[in-house]
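Per TrEMBL, the feature FAD binding site maps to Gly8, Ala9, Gly10, His11, Ala12, Gly13. For 269-283, the entry in TrEMBL reads NAD(+) binding site.
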Amino acid sequence: MYDIIVTGAGHAGCEAALSAARMGSSCLLISSDLTAIARMSCNPAIGGVAKGQITREIDALGGEMAKAIDATGIQFRMLNRSKGPAMHSPRAQADRTLYSLYMRNVIEKEANIDLLQDTVVGIECSGGAFSGVRLMSGRIINGRTAILSCGTFLNGLIHIGMNHYAGGRTIAEPPVYGLTEDLVKYGFAAGRLKTGTPARIDARSVEYDLVEEQSGDPLPISFSFRNTPVINRHQISCFVTKTTKATHEILKKGFDRSPLFSGKVQGIGPRYCPSIEDKICRFPDKDSHHIFLEPEGFDTNEMYVNGFSTSLPEEIQLEALQSLPGLRNVKMIRPGYAIEYDYFFPYQINRSLETKLVKNLFFAGQINGTSGYEEAAAQGLIAGINATLLLRGRAPLHLKRSDAYIGVLIDDLVTKETNEPYRMFTSSAEHRLLLRHDNADIRLCHHAKSAGLIDADTFSDCTNKKRLIDTLNQLCLDTKIKPDVANTLLAGLGHPPVTTTQSAVNLLKKPGVHFHMLLESALSFKESVYAVTDDPLVFEQVEIDLKYEGYLKRDLLMAEKILRLDLHEIPASFRYDHVTGLSNEGREKLMKLRPETIGQASRILGVSPSDISVLMIRLGR
């Protein structure tokens, strides 16, 4: 009997199996196709706005995604450099094939993971708890816990124009039948969602003199904090073009054969990643939309047309693509398509990702209504950790909203009614200045150490980094810089001269002043700093800590207030229907979502502050 059975070897399943196995659990990872482990079915990239922060959090917690993209990336960029540090987000283009091979290699080397090629079509339960899985082959495999990470395979249906095909991720991959219906028998409520992907084109058919080149950063930053070598390999450029009025007219010709507009697609699509036909309808006054041409690897001519997701007929897709600047003679390798699939409303899971209806059963990834590789991987990691902790009789890992974007993600899933694919944004996190990509290791390494997912050396590196930052913060407070030295620096930035000695902190807080400028201007300060460390990543965090000190303190105070509410737990069997004084809407939402804490209850749409007061009185808080 396995400790944990993981269904599906996508980004969620891989992280789930690896985290559980590394904690000592025996795992069986089941996939319908073992050559497709961690396949990038859509965009060949990891990271981006908020997603890059999640990837670094996965790494800080001992996950594999960051190391995988560091090893297989073909271009690395830091997005939003012109904005504040809370918005800085790492992103990398991946070699799609190498990424999948890397993850399979890592999994095959893990002694506690067994692989099985088959399809799970049902679960077995005993006494209200999971006990095994039923396979398409007819076998039943027993396990103590299970993590379902089925991606878009549950009753998957692919649409291209008015044609539709059974497909789990691509036309070549069959969907999973039976598992949704089996779970519904246990009382789970299922819904239907839709996502899509653009066409792929032949890179040799692009006229590169008519498109804008987009290069990678000259000094790329690794996603992983853990002993990752400097990334100095050759990077491949992406390219930018845009739609035209002619493009829009061509696309409109196919609207009568669009499965989105004809009603053939019943699933709800992602609000923030719409198809190109949806963009044209929603923004009729916009004459053009940016389109990004992204190579899919080092040794392939296949190119991903980012921003051109569509399910229109193939001939319309090709005609529209050939209307874009630089794509006049483009060859389409495979068309874009929409895929609709089953998911389960995430109010049916706890913060641990264990389901409320069946004990020892966990859901992770798109089965919970999320979109994106990073969101899926994060859930898989947490599910693997918590399934192992459950087996050991230990309390689950609950990341707070002020701990990590992963905490925001899970809290949003269990407190907000998800009826469209959920995607993480920096705007989703009220504490985003605390949750920067650069400090994910410091924020989360103690959780990883407690779970046994990082070794002593990695934890020591993290705590040493924190010590260096604290030391330099104090050094900046103590260091006094004479007016003549300060004015030499300030004059070049348009600041009025100072007449008194300035602390390094005061100078850093002035607009336009950066840590490296102080090092260049004040030699004695530079000597003191370099006696501590010469790490530019430490310098970056010191600058952020001091320059944004007031905002950080305010965020911490707000987080403490929220934490006080989250410490008040609500019994799972609590009878909201017996509580007088609750509003009708509040009672209805509380009975449906069944929050685990007062804090969670306060974040449910439709639950008023007066409802929270009534609850706290009833619970004796």
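Glycine too: its Cβ is placed from the backbone N, Cα and C atoms.
All protein chains included, Glu277 (NAD(+) binding site) registers 23 other Cβ atoms within 10 Å of its own Cβ.
Apart from Gly8, Ala9, Gly10, His11, Ala12, Gly13, the FAD site neighbourhood in this chain, defined by C-beta within 8 angstroms of the site C-beta centre, holds Val6, Cys14, Glu15, Ala16, Ser31, Ala38, Ser149, Gly151, Ala364, Gly365, Ala376, Gly380. In sequence order, Val6, Thr7, Leu29, Ser31, Ile147, Ser149, Ala364, Gly365, Gly380 constitute the residues six or more apart from Gly13 (FAD binding site) in its chain with CB-CB distances below 8 Å. Taken residue by residue with DSSP, His11 (FAD binding site) is part of a helix. In this structure, the C-alpha atom of His11 (FAD binding site) lies 33 angstrom from that of Cys281 (NAD(+) binding site). Here the candidates are the binding-site residues Arg271, Ser275, Glu277, Lys279. The one whose C-alpha lies nearest to that of Ala12 (FAD binding site) is Arg271.
Of Ser275, Lys279, Cys281, Phe283, all annotated as binding-site residues, the residue with the shortest Cα distance to Gly8 (FAD binding site) is Ser275. Long-range Cβ neighbours of Lys279 (NAD(+) binding site) (same chain, at least 6 residues apart, Cβ-Cβ under 8 Å): Lys286, His289. Proximity of Cys273 (NAD(+) binding site) to non-local residues of its own chain (separation of 6 or more, Cβ distance below 8 Å) is seen for Thr195, Ser309, Ser371, Pro421, Arg423, given in sequence order. With a cut-off of 8 Å between CB atoms and residues at least 6 apart in sequence, the same chain places Ala38, Arg39, Ser149, Gly151, Gly365, Ala376 near Gly10 (FAD binding site), listed in sequence order.
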